[in-house]
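Engineer: According to TrEMBL, the protein carries these features:
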ACT_SITE  Glu185  active site, proton donor
ACT_SITE  Glu265  active site, nucleophile
DOMAIN    38-356  domain 'Glycoside hydrolase 35 catalytic'
DOMAIN    429-540  domain 'Beta-galactosidase 1-like first all-beta'
DOMAIN    566-624  domain 'Beta-galactosidase galactose-binding'
SIGNAL    1-22  signal peptide
Amino acid sequence: PARMVLPALALLLAAGLLHTQASPPARSFQLDYEHNCFRKDGAPFRYISGSIHYARVPRPAWRDRLLKMYLSGLSAVQVYIPWNYHETLPGVYDFTGNRDVEAFLDLTAELGLLVILRPGPYICAEWEMGGLPAWLLWKPDIVLRTSDPAYLAAVDSWLHILLPKIKPRLYQHGGNIISVQVENEYGSYYACDHGYLRHLLGSFRALLGSEVLLFTTDSTRAEELHCGTLQGLYATVDFGPGSNVTEAFGAQRCVEPKGPLVNSEYYTGWLDYWGEAHASTSAAWVAQGLEDMLRLGASINMQVSPFLQLTSLPWPGADYKDQYKPVTTSYDYDAPLSEAGDPTKKLFAIRTVISKFQPLPVGPMPPATPKYAYGWVALRKVSAYPEGCTAPAWHCSTGQHPSLSWQYADLLDVLDVLCPSGPIQSQFPLTFEALKQAHGFVVYHTQLPWDVLDPATLAAPPHSICDRGYVMLQKEYQGTLERDGPTTLNVTGRAGDTLDVVLENMGRISFGANTSDFKGLLGNLSLNSRPLSNWLIYPLAIDTTVQQGWPHAALPESSSGGRVGPAFYTGTFETPGIAWDTFVKFPGWSKGLLWINGFNLGRYWTHRGPQQTLFVPGSVLHVGRPNNITVLELEGAPPTPLLLFLDRPLYNRTLGRSTAATE
C-alpha cells in the first residue's frame, strides 16, 4: 500500500503542475499603498496616457489617431463617454456608427493601448451640459449631480445600459480597461453631496464588480478635494504646466497619504472661448512639466486640449466664470495632435521626454493627413455664376475652383419645412426644455399689439435670452439680443406687424456653475414695459432636415428678401478627383452654421473669433459626384458671398500652425 501511495502522489503533483502551466496567472490592476505605485499583474506599473474623445473624431479616423498616440509612446488612452450622445431621449439609445463605443474600445485593445475610462455620468469635457442629457431638465425642479431621486433614477437607468457593455472589457476580465473614473471634478460643483458619490460608488461596484479600480479627479484646492473625494474611490488630482509639481502632488497626499501619484488631467493646452484670443501653450513648458512628474514616478494623463480632438457641434458646452462663456466649435486648443490628426512639435517634444523613461514603440510616426486647398468658391443667390465664368467647371482670376450653383431662402420662409408639426400656441414664451427641444433653434412669433410710430424699446428681462435672439420685424432683421449682452432694441411698426425672434442655443454650461442651464426665452419680452403675449412657437429640426437631403432634394424658391438676417444658402461643388481634409474660411460672413453632405461641421463666428475656419474631414466629401453645401447665416452674408478652402486653420485672422511637424 505504501508503494502505491507514492505513484498516486506523483500523479496528483503532475496534474497540479500541468494545471498550473495551463492556467496563466490572474490578470490584475491594483493599488500598492506600501510602495506608492500601481501593480499590473503583480509588477510595479505606471501609465503615460492621453485623452481622446471618440465622439469628436470621425470613425474612419479612429485608427489613425490611436496609432499616432501609441507611437508617441503612450501606454494608455483616457476615453470619455458622453451620456447625452447615446441616450438622446429617455430610454432611446444609440450605439451605432460614430457612437459605437464598444467598437472604439475594441480598437484600442487591438492597437495595444490600455484604457482609463471616464463614463460620468458627468464628464465636463467642454461638452454640452458636461454629458448630461438635456431631457433631464424636462423636470424643471430636478437638482442635477445630487441625491435628488429623479436624477438618481435616470443615472441608474443609464448605468444599467452602459456598464454591462464595459464589464467584459475590464482588465481583470481579459480586456484593457485598467481603471474607471466616477463623476468628474465633483469638488468644483456647488452641491458637495457625498451621499450622491456614495450612491455612484455602490452602483459602479454592483455593475462592474469589486476588483476594478475606481477613482476621482479634482483640482489641488483643499475645499474641492474635500467635496470631490470619498473613501473607496482613489483620489487623483489635475494641474497644468507651470504648477509646482511637489506642491500639487502634496495636495493629493493630503487626501491619499499613500498610493501612486496621479495627474489625471495634465493640461497640454487650454480651451478657446468665442470672442477671446486663441489659447496656446509652449511645447517646452509642457515637456518640462511632464518630465518633472515622471521623475517623481507619477502616472499622467495629458488633457485639454485632449491629445487629439476634432469638432463637437451640436455638442460644444460653455463655462460660467462670472458670465456665460461658450466654447468654440474646434476642440483643437493647441493639442499635441492637431484637429486634423497631425503630429506637431509639441507631440515630438512629449515623445522625447517619454523616451527618457521608457522605450518607444518600434516604427515611424504616421505622417500628417493630406490636405487640399480647394480655393475660392463663389456663393451666388439662386443659380448664378461669377461674371465670365461657366458651369460645371470654371476658371477665374483666383485659379481653378469647384463648380457651384446656389439657392437662397430666408429662414422664416421655410418654417413649414423646418417645423412640419406646426407651431405651439402659448400665452407666454416656453423654454426649449418645455418644448422638448435639445439643441439648435426655436422661433418665437407674435404680432405688435398696437401702432408703434415712435421708437419703442423691445426688452427682455436680465439673463432671459439663452443664448442669442435674432429679432425680425415684418421679416426684416432688427438686431440681436444676447445673454450677458444687449437685451433691448428700439423698434417701430404698425399693429399686426409680425415680430419673430430666432433663438439660438449656444451650448449648455458644462463647467463653472449649476449645469441646469435652461435655453430659449426664459422670460417674456416687453414693448415699452408692456408684456407681449399670444406667441406661436416653432421648434426647428434644422439638423435632421438637412441630413435628410433638404434643401437639395427640393430646392425652395429664391427669396425676394435681402441678405440680412437668418437665411439659408445652398449649393454644390465638385472636388478635382480627390477627397482630402480641408478647412473652410468665411470671409465677410457674420455667424452661422455649415453642413456639407448633411454632415454638421459646426458653428462659425468670424466677427467674434478666434476660430476663423471649420475643419472638413475628407471622409465627408464625395469624389465623382457633387458635394452639397448648406450654410445658415444668422446675421448677414457679404454682398459677394465667398467661401475659401484652405489647407490649414486660421485663428484671429492669422494662419495657424503648420499642418504637421517633423521630428
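Using the three backbone atoms N, Cα and C, a Cβ is placed for every residue, glycine included.
Automatic, uncurated: that is what TrEMBL annotation is.
On a predicted model such as this, the values are computed, not experimentally measured, just so you know.
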Engineer: Find, among the active-site residues listed as Glu185, Glu265, the one whose Cβ has the highest number of other Cβ atoms within 10 Å in the structure shown.
Structural biologist: Glu265
Engineer: Provide the three-state DSSP residue tally for the domain 'Beta-galactosidase galactose-binding' (566-624): helix first, then strand, then coil.
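Structural biologist: Tallying H, G and I as helix, E and B as strand, the rest coil: 3 helix, 30 strand, 26 coil.
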Engineer: Whole-number Å only: compute the distance from the Cα of the residue listed as 'active site, proton donor' to the Cα of Glu265 (active site, nucleophile).
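Structural biologist: Rounded to the nearest whole number, the Cα-Cα distance is 10 Å.
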Engineer: In the domain 'Beta-galactosidase 1-like first all-beta' (429-540), how many residues does DSSP put in helix, strand and coil?
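Structural biologist: So the counts come to 4 helix, 58 strand, 50 coil.
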Engineer: Restricting to the domain 'Beta-galactosidase 1-like first all-beta' (429-540), report the mean pLDDT as a whole number.
Structural biologist: 96
